[in-house]
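Peer 1: Right, I'll just put the structure down here and ask away after.
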């Protein structure tokens, strides 16, 4: 019987939200299972985990220095401390399985679990795995990925686990009208949702201030989350005489409601964003981050290739590009419907259930191989 599961994932929404989705799915299938989310005291999980009704345990954040600095010499001791603290949590909650989602806390959790003979499950949300999950995948046969191209040997393709609010999102005409009214928008106008992640995206903001008037002239209204640091700048640059509603917010406190209000989205292409939009059947213009290893472009490709979105490089995005490529979709109910159907078909709505099944399979291997909580 599965009694206690530790889910390690913290720092960013891309690590925290999948962990929470799996925790919710485990709770729904068996309320007796003890669920502990392992994170840091300063990441998003410090706010999100308690808000979702789950227990949070923390370990020190041990980032890998990107260039040689004196901090490199402190890394081994700090990492060992994180492993010890993760191990204390595993002992305290008598963990049957450790599930890691990458990020700062997963590597210490994997090593602490390995030392104790606790089965490990790894979930990788991105096309290219990070260091922590490359390590974790070497320690277990229970590896789940979100993309078929992810280079982790022996992995099972599950997709990204999503919260129930996204999977059951109602985007019927009546629900869309109600969602728009809650944001002070016209219930009947085509609606573009713009957001750039939790901190916003300056290039998206700049394009929207330039495109606001021609979009409004075409009958399009906008719900735009600028990011808290960018709000005043965007508000000052936005035209005042727009003929259609333009609802400007520093952030969106309930993203499912924003998805329900929108016909199309202009956004970055983080793994969670792409998975949520696919599940919601919401077409998007994806603008990958212009730096990093190109993973945001890879995140968006399955949906774009299926016909559920448009893809444009950050350097190529402009008001004229938006008007030439996105506006014709926004004003065509037929094109929106086709893209929505294609978008929804590119997702993995059973991801959380598949990972729960993998967790139970992992727990069963320990029961067969050794007494529960026997010393390694």
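From the backbone N, Cα and C atoms, a Cβ is placed for every residue, glycine too.
Swiss-Prot lists these features:
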- 12, 13, 14, 126, 163, 198, 296: UDP-N-acetyl-alpha-D-glucosamine binding site (BINDING)
Peer 1: Counting Cβ atoms within 10 Å of each candidate's own Cβ, which of the binding-site residues 12, 126, 296 comes out highest?
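Peer 2: Checking each of 12, 126, 296, the winner is 296.
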Peer 1: Any same-chain residues 6+ apart from residue 14 (UDP-N-acetyl-alpha-D-glucosamine binding site) with CB under 8 Å of its CB? Would you list them in sequence order, or say none?
Peer 2: 102, 125, 126, 270, 271, 272
Peer 1: Relative to the Cβ position of residue 13 (UDP-N-acetyl-alpha-D-glucosamine binding site), how many further Cβ atoms are located within 10 Å?
Peer 2: 19
